[in-house]
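Feature annotations, courtesy of TrEMBL:
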- 113-218: domain 'Maintenance of Photosystem II under High light 2 C-terminal' (DOMAIN)
């Protein structure tokens, strides 16, 4: 670079016919100084750029490897926890299902009470549809203290285990009380509403307990 600049400085000489002493030496000296400065700047910049780039790439790679390892480890831990929770849930569901099967198979008497309830509700529904509340009353009786109601509740308690199932039992008994009262008062519209509520609560309960497949007429 210094040589090129020197040759450029010689081009400043006006003509070969003039003596070289006409060109002041200070001009040549200044040209050399300027070229050296430019040469230093040009040669230094690439070194800084390469070093910065190298550090940046190394830092990015290190962060990437560290981050990937961290998240992979956490993901593995979470996945293991989820697998354990799922397995525990499967075990509990299986145990609950086996217990319910044992109860259902050994409770034929209680299932008979529930089957009788299905028949009663069917007859009451037909009677209300025909606006024959006297026929509905003969099936239901005059009070919820009837023997058949007590037997039904003993069956409810036998097969129920969860809070949701017990909630449906309460709904059924409340609706049944309204049904008996409406039929006694010869309230056809009230009887229809109370009957639908009773039948709905009973059907939900049989679905929750799994008895809906074992009782005829549902």
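Including glycine, each Cβ sits where the backbone N, Cα and C put it.
Note that TrEMBL annotation is computational and uncurated.
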If you average per-residue pLDDT over the domain 'Maintenance of Photosystem II under High light 2 C-terminal' (113-218), what number do you get?
95
Secondary structure content, the domain 'Maintenance of Photosystem II under High light 2 C-terminal' (113-218) (per DSSP, counts of residues):
85 helix, 0 strand, 21 coil
